[in-house]
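Worksheet: one structure, shown below.
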Amino acid sequence: MTVLKNDRFLRALLKQPVDVTPVWMMRQAGRYLPEYRATRAKAGDFMSLCMNPELACEVTLQPLDRYPQLDAAILFSDILTVPDAMGLGLYFETGEGPRFRKVVSSPADIEALPVPDPERDLGYVMAAVRTIRRELNGRVPLIGFSGSPWTLATYMVEGGSSKDFRKSKAMLYDNPQAMHALLDKLARAVTAYLNGQILAGAQAVQIFDSWGGSLSSAAYQEFSLAYMKRIVDGLIREHEGRRVPVILFTKGGGLWLEAMAGSGAEALGLDWTCDIGDARARVGGKVALQGNMDPSVLYANPAAIRAEVARILARYGAGSGHVFNLGHGITPEVDPAHAGAFFEAVHELSAQYHR
């Protein structure tokens with residue numbers, strides 16, 4: 001077992017005592033960093049970067065080299081690697097985001113989808129995890145991740161990004177049996193994928209339910225949360241002599257925190273529309289919380305960033321069980337110095353809550 005030099009991220013997820021509130025940031029390896037842009041240019045395009053374990057490792061480590069305050073690394077990859085491995089043919093259209101060459105539109109299409117084997121069909125991701133773990137050498141924990149079944153299904157049925165999820169929701173209401181068949185297959189695929197990452201060295205995993213908040217309350221419970229619970233139930237929960245915590249993040253899921261707290265996950269990610277103090281009261285100590293500063297605060301000056309960090313820390317209050325993060329990913333236009341001011345403020349201002 002690798003001895004972790006800094007395990008406060010894992011300790012906070014398990015609500016164990018920490019000296020300061022740990023911090024990391026969704027999309028911390030990303031386009032706001034000039035060093036990331038240079039490595040991406042070297043790779044040629046986004047998917048070539050994802051599929052090269054050495055370059056994926058390089059960009060994963062870049063934010064840690066720049067910001068010594070970071071308490072976790074997150075695997076550099078994309079949620080759509082799973083549908084790509086199911087044969088849909090992922091590509092990126094400039095200005096339009098991800099697209100698939102094949103779409104899923106019928107029960108026959110769903111029946112034909114394979115459940116990918118992580119080592120055989122997504123071996124480049126597993127190789128990246130192993131490479132990153134080796135290079136981290138116990139510096140901080142490594143987070144693995146996947147998209148949720150519902151979120152992946154929307155891309156597969158729409159053929160890419162969507163504003164209204166028209167085709168996905170039409171299938172959900174017109175042919176719920178077909179949607180359940182797709183989600184069942186995706187739940188099996190995601191479980192295998194995350195377990196593959198854990199065996200390769202991921203020390204915590206996050207399920208990104210980016211589009212769960214687009215659903216009605218009843219549909220969320222049936223078509224998103226139920227399948228995430230199934231994944232949590234199927235995950236390897238102890239590896240290398242440690243608990244492997246699971247973080248469940250539904251963007252727009254603030255109405256359903258009580259239900260999410262019963263998922264079996266150790267922590268819930270919050271977007272910035274929730275008040276973290278209210279969220280803490282609502283989940284009643286069942287889970288840790290991650291979040292939840294509005295990413296747009298990073299456009300403001302460092303004093304304003306510091307003030308918002310102070311406000312969120314005060315709303316959470318004393319004790320462990322909080323991992324500081326943004327409420328969604330950092331945006332490409334942010335000044336890297338502002339991200340640094342954010343990380344510094346979290347560590348400096350949170351110590352008083354852990355005495």
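Every residue, even glycine, has its Cβ placed from backbone N, Cα and C.
Noted in Swiss-Prot for the protein shown:
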type    : residues                                       : note
BINDING : R27, Q28, A29, G30, R31, D78, Y155, S210, H328 : substrate binding site
SITE    : D78                                            : site 'Transition state stabilizer'
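Mapped onto three states, the DSSP output places D78 (site 'Transition state stabilizer') in coil.
If you take the Cα of R31 (substrate binding site) and the Cα of D78 (site 'Transition state stabilizer'), they are about 14 angstrom apart, rounded to a whole number. Annotation note: A29 (substrate binding site) sits in a coil segment as assigned by DSSP. Here A29 (substrate binding site) comes close to Y36, V59, T60, Q62, P63, I74, F76: these same-chain residues lie at least six apart in sequence, with C-beta atoms under 8 angstroms from its C-beta. According to its DSSP assignment, H328 (substrate binding site) is coil. In the three-state DSSP assignment, the secondary structure recorded for Y155 (substrate binding site) is helix.
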